[in-house]
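Each remark here refers to the structure printed beneath this line.
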Amino acid sequence: MTRRWTPDSWQACEARQLPDYDDKAALAAVTQQLSTQPPLVFAGEARELKRSLGEAGAGRAFLLQAGDCAETFVNFHPDAIRDTFRVILQMAAVLTYASKLPIVKMGRMAGQFAKPRSAPSETHGDVTLPAWRGDSINDIAFTAEARHADPARMLRAHSQSAATLNHLRAMSSGGYANLREVQSWTHAFMNQSPWADRYRALADRIGDALDFMEACGIDPRTQPSLQTVRFFTGHEALLLPYEQAMARADPATGEYFGTSAHFLWVGDRTRFEGSAHIEFLRGIANPIGIKCGPSLAPDTLVALLDTLNPKREAGRITLITRMGSDLIGRHLPPLIAAVAREGHEVTWCSDPMHANVVRTASGLKTRPFDRILTEVKDYFAIHRAEGSFPGGVHVEMTGLDVTECTGGAVAITADGLSDRYHTHCDPRLNAAQSLELAFLVGEMLGQDMRSRASEAA
Ligand code: PEP
Ligand code: CO
């Protein structure tokens, strides 16, 4: 028999990666205050996303999930939000055109603050302090005071998320996202890329399509459907006291929704059976993601699916696989086979970032563009061989011109990384690398769609 779920039932389960708040009264006061703050998203929006993800699961849409590894308080700026949003729209336009599929656009934005860490503490010289766990928990500065977990930071994360989401909503519906603009930004990028010739053909065809539509009287500057985009948000539901405070019952149905974002996922380190994180996600009706790393056994995955999606609702579960370019061939096929054997409907998504981290000789964390690309290529090939649909990609990127991942057309070398290495957490693709990846994924997805169509004919 299934145990009864309540927003706080996770508290009886094993919770990893959560801060140890020493002032319980302060924690209670903050979560109480948070629970009276407005929800950031509505149930109807989360349901709409679930339907769209169901389409991506069935091969009729494709998910693009992209954004920062960790949002921070210090880098909060409207230009940064705009630039990242702009690159995501450009990536989506390329993918739409190449695949002829609707692209479900989701930012790792407006809530991506809490980070799982590989070690609970950090040592410099003879000083050992708690690890930084994301700005909603503590501060990155290496002092005892900064690293102290302060519940009040959750309120600041909430208000920054609300402001970010407001900006995203304004840009999504206020005309900024008009397709003609998106196309002209992409043209500007192409002129700077050494791979321009390779991409020009595709970009020109997108331009031709817009010209043709305009000649027929469909003008992106005036046509609402070409001016607005549906843009969703998602983050790792790591900080459970925060997520619990944001869980609200939908008055219409009584179902609980996590209202901190449209989509919430469980990380690779906290998705074990019986975990507090799985218990929390079990009871909310949002579409949810599970990060699937090489240590996830097929039987464990099936048990998680039975727990999280007992009604086998399409779009409820997105499996975000992050195996590494060297391990995907060994670990992805058995997961796909197990899901198919059990008749679970899921949406598959590739995160080619998190298992492709290497350290340079000087100790910087980086991700070689080639490894990222290899994991995505293998992801497409494996799904093709297994008869499943590669329903999306998940990338860590920024619209800023950083140097954090090596490679790409404007080849960033290991030595060049220190020029503009700004991430607080994992290395991100910069604007040019993100767009290049979109062109390459677009080619793969377009090819995949054409092969499927010719087989079906
Ligand atoms: C992340 O997405 O930032 C992350 C920590 O991923 P994973 O749980 O897959 O390691
Ligand atoms: Co990350």
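In case you wondered, yes, glycine gets a Cβ from its N, Cα and C as well.
TrEMBL annotations:
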type: BINDING; residues: Cys69, His354, Glu396, Asp426; note: Mn(2+) binding site
type: BINDING; residues: Arg108, Lys291, Arg322; note: phosphoenolpyruvate binding site
Task: Subset of binding-site residues (His354, Glu396, Asp426) lying within 10 A of Arg322 (phosphoenolpyruvate binding site), CA to CA, in sequence order - done: His354
- [ ] Count the Cβ atoms, other than its own, that fall within 10 Å of the Cβ of His354 (Mn(2+) binding site), considering every protein chain shown.
- [x] 21
TODO: To the nearest whole angstrom, state the Cα distance for the pair Glu396 (Mn(2+) binding site) and Lys291 (phosphoenolpyruvate binding site).
DONE: 14
TODO: For the recorded Mn(2+) site formed by Cys69, His354, Glu396, Asp426, name the remaining residues of the chain with Cβ within 8 Å of the site's Cβ center, in chain order.
DONE: Met353, Val357, Arg367, Cys425, Pro427, Arg428
- [ ] May I ask for the distance between His354 (Mn(2+) binding site) and Lys291 (phosphoenolpyruvate binding site), taken between their Cα atoms and rounded to an integer number of Å?
- [x] 10
Open item on the list: Running a distance check here. Ligand 2 versus the binding-site residues Arg108, Lys291, Arg322: which have CB less than 6 Å from one of its atoms?
Closed with: none
TODO: Identify which of the following binding-site residues, namely Cys69, Arg108, His354, Glu396, place a Cβ less than 6 Å away from any atom of ligand 1, and list them by sequence position.
DONE: Cys69, His354
TODO: Would you pick out, from the binding-site residues Arg108, Lys291, Arg322, the residue whose Cβ has the largest number of other Cβ atoms within 10 Å?
DONE: Arg108
